[in-house]
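Sequence annotations record features per position, and here TrEMBL assigns domain 'CP-type G' to 91-249. What TrEMBL lists as domain 'EngC GTPase' is 100-247. The GTP binding site annotation in TrEMBL covers Asn140, Lys141, Ala142, Asp143, Gly191, Pro192, Ser193, Gly194, Val195, Gly196, Lys197, Ser198, Ser199. Look at TrEMBL and you will find Cys274, Cys279, His281, Cys287 tagged as Zn(2+) binding site. The feature region 'Disordered' is assigned by TrEMBL to 344-363. What TrEMBL lists as compositional bias 'Basic residues' is 344-353. Per TrEMBL, compositional bias 'Polar residues' is recorded for 354-363.
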Amino acid sequence: MHDLTSLHHSSPTTVSNIIGTVVAVQANFYQVRLDSPLKDYNDAAISHLLCTRRTRLKKIGQTVMVGDRVMVEEPDYQDARGAIAQVLDRKTQLSRPPVANAEQMLLVFALDEPLLEPWQLSRFLIKAESTEIPFLLCLNKADLLTSTQQKTWEERLEKWGYNPLLISVKTFQGLEALKNCLKDKITILAGPSGVGKSSLINTLIPQVKQRVNRVSGKLQKGRHTTRHVELFELPQGGLLADTPGFNKPNLDCSPSQLIHYFPEARKQLERGTCQFSNCLHRGEPNCVIEEKWERYEHYLTFLEEAIAQQEATQQMADQESTLKVKIKTSGEEYYEPKLETKKYRRTSRRQKHQNLQDLYDNQSLEELEEFEDDLDF
Ligand SMILES: Nc1nc2c(ncn2[C@@H]2O[C@H](COP(=O)(O)OP(=O)(O)O)[C@@H](O)[C@H]2O)c(=O)[nH]1
Ligand SMILES: [Mg+2]
Ligand SMILES: [Zn+2]
């Protein structure tokens, strides 16, 4: 181990001032973009170091994620290598995708091809609302719609409580406004497959193909593609995280929380209080939520789903405990020791995989398993 002083002598930079952002993680390697480029022995600037994680960090269970701010030790100028010695406190942390310090999310949908589907859009919006990270809604492929059709969607979504940005990667419509929103921020790109996320990245970052090749050339260790979340560096400043496209995000929220994820319903809740404190707003007496808003139907359907999810979770918890409450035909409760634990576990694990499979299309179970192990779902 180098101590501080020896390192200080051997390098023009002291240990503590090499700080950067992790822009790619693959296998056990971390690509770190340095805040201020280092100079190598030929006075050429080094902007990135390929780093490993110090064993000490592994021992204390400190993970390193894309977006993490890190302190790097022992820079090797020859090979542009280093070791991550410390991870600075995270401001935010997302698990799917695994990204630290994200400041906003860019939700991308297409107005057509694939046709904009209100239910699917609602589901994504609810998921985005539940993360509590601010997000921007972007509708791509505006070139496929007339200006009247575009206006209709804009007005419709305003009633939902959103101000969507209509863009076209093809004709560059709205891209300047979008660039301004992304400037100097870490942004998560999310949305279903086929809406134009990759095309958008290619347009915003012209050298992106070259860059991806450079990184994967060094980092590529086979097939761990699902773990590979990379931050793309925007030319005007800022970072963009591409995510595996998925078409059906898990709702993952409690029935009572759901109503708060609809901005147009939040407005109604501000006007008063429902008679029942546990009101689920589906026709209870003196409920403040009206029934005549477009997404009320979405709300009721998602509510059913949230209730079913909660019941399933409860059932799993019951199975996990060693005793199980049973109800006699007389209505009296009694406890019964739990049987067949292993069988239950196996079933639930398969079920979990099935859910994951729904979430991330196009990915093998094996890859998902690795992903899952990393993220502790
Ligand atoms: N008409 C039109 N097509 C687009 C636009 N942006 C992307 N596409 C096309 O949509 C398809 C899917 O794009 P891609 O970037 O792979 O979507 P991703 O799955 O979200 O990454 C491709 O054939 C693109 O050429 C756009 O603004 N207008
Ligand atoms: Mg893509
Ligand atoms: Zn109510």
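Glycine residues also receive a Cβ, built from the backbone N, Cα and C atoms like all the rest.
Because TrEMBL annotations are produced automatically, they should be read as predictions rather than curated entries.
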(message) If you count other C-beta atoms within 10 angstroms, which of the binding-site residues Asn140, Ser193, Ser199 is the most crowded?
(response) Asn140
(message) Just to verify a number: CA distance, Lys197 (GTP binding site) to Cys279 (Zn(2+) binding site), in angstrom, no decimals.
(response) 39
(request) Look up His281 (Zn(2+) binding site) in the DSSP assignment and reduce it to helix, strand or coil. (result) coil
(request) Compare the C-alpha of Gly191 (GTP binding site) with the C-alpha of each of the binding-site residues Cys274, Cys279, His281, Cys287, and give the closest one. (result) His281
(request) Identify all same-chain residues not among Cys274, Cys279, His281, Cys287 whose C-beta atom falls within 8 angstroms of the centroid of the Zn(2+) site's C-beta atoms; report them in sequence order. (result) Gln275, Phe276, Leu280, Arg282, Glu284, Asn286, Val288, Ile289
(request) Please name which of the binding-site residues listed here, Cys274, His281, Cys287, is nearest in space to Ala142 (GTP binding site), Cα against Cα. (result) His281
(request) Can you see whether DSSP assigns Val195 (GTP binding site) to helix, strand or coil? (result) coil
(message) Using a 6 Å cut-off on Cβ distance, which of the binding-site residues Ser199, Cys274, His281 come close to any atom of ligand 1?
(response) Ser199
(request) For Asn140 (GTP binding site), name the DSSP secondary structure in the helix/strand/coil scheme. (result) strand
(message) Can you go through the binding-site residues Ala142, Lys197, Cys274, Cys279, Cys287 and pick out those with a C-beta less than 6 angstroms from ligand 2?
(response) Lys197
